[in-house]
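> One structure is given below, represented as structure tokens, and several questions about it will come after.
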Amino acid sequence: MKVNLPAFERAGVMVVGDVMLDRYWYGPTCRISPEAPVPVVKVNTVEERPGGAANVAMNIASLGANARLVGLTGIDDAARALSKTLAEVNVKCDFVSVPTHPTITKLRVLSRNQQLIRLDFEEGFEGVDPQPLHERINQALGSIGALVLSDYAKGALTSVQTMISLARQAGVPVLIDPKGTDFERYRGATLLTPNLSEFEAVAGKCKSEDELVERGMKLIADYDLSALLVTRSEQGMTLLQPNKAPLHMPTQAQEVYDVTGAGDTVIGVLAATLAAGNTLEEACYFANAAAGVVVGKLGTSTVSPIELENAVRGRADTGFGVMTEEELRQAVASARKRGEKVVMTNGVFDILHAGHVSYLANARKLGDRLIVAVNSDASTKRLKGDSRPVNPLEQRMIVLGALESVDWVVSFEEDTPQRLIAGILPDLLVKGGDYKPEEIAGSEEVWANGGEVMVLNFEDGCSTTNIIKKIQTESEK
């Protein structure tokens, strides 16, 4: 199965928020200053990049979507540099110039890939009349599919409720990257995207995923939100929606060099994907993949369609990830030529929880490659009832494929994967639960081929059914 990128070229997004210019001075450090105990940096490279709301717009435009940027600037060199740089990447700027204030600028001095100091040049824009911003939003609502409010608490978003109201009346979703602990000002937004520390500053410290989900659902109810996405660094992302199971997505970052601007990338990709007509779950998947790319770069950065496609399909392109049966057979044949032991398991994996992750990690340790066969939606419905699955097949496979322990993911339509297993003939077939080996679908075929069959225990206290019951109970309160 292939995962296609959204039709970004059809997506229109307006970004309103705190615009700033990020300046970078680079150079070697070879001595300590005689004037003070500080390093001397011999600057040999200077870079200027759009930051804050401007970086969000850059991320949207870099995907090929139509990005419009509205914000407050001064009348100075920094504003002109921003306009020039953004125009070069097809961001349509409509700044409100405030002659009494400088454009917000942040200067970073770096040496040997280390940031030595940051200098901020700014005066807050609080007190500036927001009406020109409202007028620009109104003018664009008929031609955009999403509105992003990028809040860095610098004064551009003092009238958030008016902006949310304008967009919601026009049927345009509002995505907000929040700042501070006053979430009341974001009431009625479609989606908030706090990082974990921002979330816990409002909801309180969470000792477990269950507690995070419970407190997140309370925030959704308290502030009339449609959804909440908590970005959790190395723990990935968690999407919460009323009356839906939580969607936990593991991180896809391979190496982390700099998290500067990663939140801008996440909300930019979310908005562009939604504006292209995709679901929120799909938008989170692409945003998670993009975040994994951008943290591997230094400074505020963007993600191109090619980079995003490689991140999404990278494992499949190299013989791993979500696959068709034919692709899987070829991948297994190649693995066997390399002398690798192939392990296979199967299940619905509707709401991925810690028990699933632990079970799959243990299964992977038994061999060199792990195949996970997943029941289709129709198969799940026959097996679990009309209310299942909670998450459709493509989303279940995407999440499984993102796990480090899983090499290949494939689906099957039948009630059991017996036919699929007979075609693959893994070296080891494993199943979790209270089964006897001879009761496991495909066991006879695997044994006949000289393979092994094994039963693994699930982690106690983890159950998809219990999670669903808890969500239903909480929603009825």
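Cβ from N, Cα, C; glycine included.
Swiss-Prot lists these features:
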| type | residues | note |
| --- | --- | --- |
| REGION | 1-318 | region 'Ribokinase' |
| BINDING | ASN195, LEU196, SER197, GLU198 | ATP binding site |
| ACT_SITE | ASP264 | active site |
| REGION | 344-477 | region 'Cytidylyltransferase' |
> In angstrom units, rounded to an integer, how far apart are the Cα atoms of ASP264 (active site) and ASN195 (ATP binding site)?
11
> Counting other CB atoms within 10 A of each CB, which of the recorded positions GLU198, ASP264 comes out lowest?
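It is GLU198 that, of the recorded positions GLU198, ASP264, has the fewest other Cβ atoms within 10 Å.
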> Suppose the ATP site is ASN195, LEU196, SER197, GLU198. Which further residues of the same chain have a Cβ inside 8 angstroms of that site's Cβ centroid?
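Output for this site, in sequence order: PRO194, PHE199, GLU200, ALA201, VAL230, THR231, ARG232.
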> I'd like the Cβ neighbour count for LEU196 (ATP binding site), meaning other Cβ atoms within 10 Å of its Cβ, all protein chains included.
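Counting Cβ neighbours of LEU196 (ATP binding site) within 10 Å gives 16.
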> Can you give me the same-chain residues 6 or more apart in sequence from ASN195 (ATP binding site) with a CB-CB distance under 8 Å?
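Set apart from ASN195 (ATP binding site) by at least 6 residues yet with Cβ under 8 Å, we have VAL230, THR231, ARG232, SER233, GLY263.
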> In the three-state scheme derived from DSSP, which category covers ASN195 (ATP binding site)?
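Assignment for ASN195 (ATP binding site) reads strand.
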> If you count Cβ atoms within 10 Å of the Cβ of SER197 (ATP binding site), leaving out that atom itself, what do you get?
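So the number of other Cβ atoms within 10 Å of SER197 (ATP binding site) is 9.
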> Taking DSSP as the reference, which of helix, strand or coil describes the residue listed as 'active site'?
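Going by the DSSP assignment, the residue listed as 'active site' falls within a helical segment, counted as helix.
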> Count the residues of the region 'Cytidylyltransferase' (344-477) that DSSP assigns to helix (H, G, I), to strand (E, B) and to coil, and report the three numbers in that order.
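Across the region 'Cytidylyltransferase' (344-477), DSSP assigns the residues as follows: 57 helix, 26 strand, 51 coil.
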